[in-house]
Amino acid sequence: MARLYYDADANLDLLSNKTVAIVGYGSQGHAHALNLRDSGVKVVVGLYPGSKSAESARLEGLTVTSVAEAAEVADLIMILLPDEVQKTVYQQEILPHLKPGKVIAFAHGFNIHFAQVVPPADVDVIMVAPKGPGHLVRRTYTQGEGVPCLFAVYQDASGQARDRAMAYAKGIGGTRAGILETTFREETETDLFGEQVVLCGGLTALIKSGFETLVAAGYQPELAYFECLHEVKLIVDLIVEGGLAKMRDSISNTAEYGDYTRGPRIITDETRREMEKILYEIQTGQFAREFVLENMSGKAGFTAMRRREAEHPIEEVGKDLRAMFSWLSKR
């Protein structure tokens, strides 16, 4: 069984008298920067000129500079930018300032694993990937807790890359919850697979198909929305808290029986074969090449898909229903 590492296993002193550059100040960026700062680490935030996030970072008392300036002064550079822009920013703003002994870090292995970013041989290359959104990484830290993280070493030029990755994970609160060692390849391929087959692609396709089936059969769209989308969170919360067993222990016998007898008719052997094809596309780099080329060509197809999905009837029904949820408007 995989081992989890905790506070006692990591040495935050490895970051003392060091400067950490956080490149990007979005969901993960703001959480990493603030948590490290509150852990006693010297932090500088690197942003492009005119970034709307600069003022937010300054209001938190953080030092904000250009990406190039941050990369120049930092000992450890954590890149927390969208996958599709990392290569350009790295080549133009970061690479010229990478000196022997520095550390370049990522929260996802995409650009390293698929060779979009190829660091020089004399720097450490590490990954620390919180398994939760940035607001949760920050909130749990302020509560004295943390979000579990994955960590990995791609290149160990200093002989301390692993310890440095664990120290960084401790600085953002990860070792409070537990951190799990992996590789860039394993994290990248499993993360993409989970997103495409289950969490995003699979789930949204299932929700829409269920909604469309009920509406086509003459049921009210509002009821279809409740049954196929709204209640997903209620079920997922139970699964997260105690696995599939707790969920099944919490639902009615009718629902549980339907789970066992009808679920396998939805996820069939044909579905599993398609899952295997998608995994193969990830492993061979086919998906990565497709995604990179889509962005290089201006994202016309991506933009069209976004527009089409935004116009799906479930979105309009959901918008009207959510406006009536008093408990939701208070969040």
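Glycine is no exception: its Cβ is also placed from the backbone N, Cα and C atoms.
Of the residues Gly109, Gly132, Gly134, Swiss-Prot places Gly134 in the same NADP(+) site as Tyr25, Gly26, Ser27, Gln28, Ser51, Ser53, Asp83, Glu84, Val85, Gln86. The Cβ of Glu231 (Mg(2+) 2 binding site) has no same-chain neighbour under 8 Å that is 6 or more residues away in sequence. In the three-state DSSP reading, Ser51 (NADP(+) binding site) counts as coil.
Inclusion criterion for the recorded positions His108, Glu195, Ser252: a C-alpha placed within 10 angstroms of the C-alpha of Asp83 (NADP(+) binding site); this criterion is met by His108. Put simply, Glu227 (Mg(2+) 2 binding site) is 23 Å from Glu195 (Mg(2+) 1 binding site) when counted between their Cα atoms.
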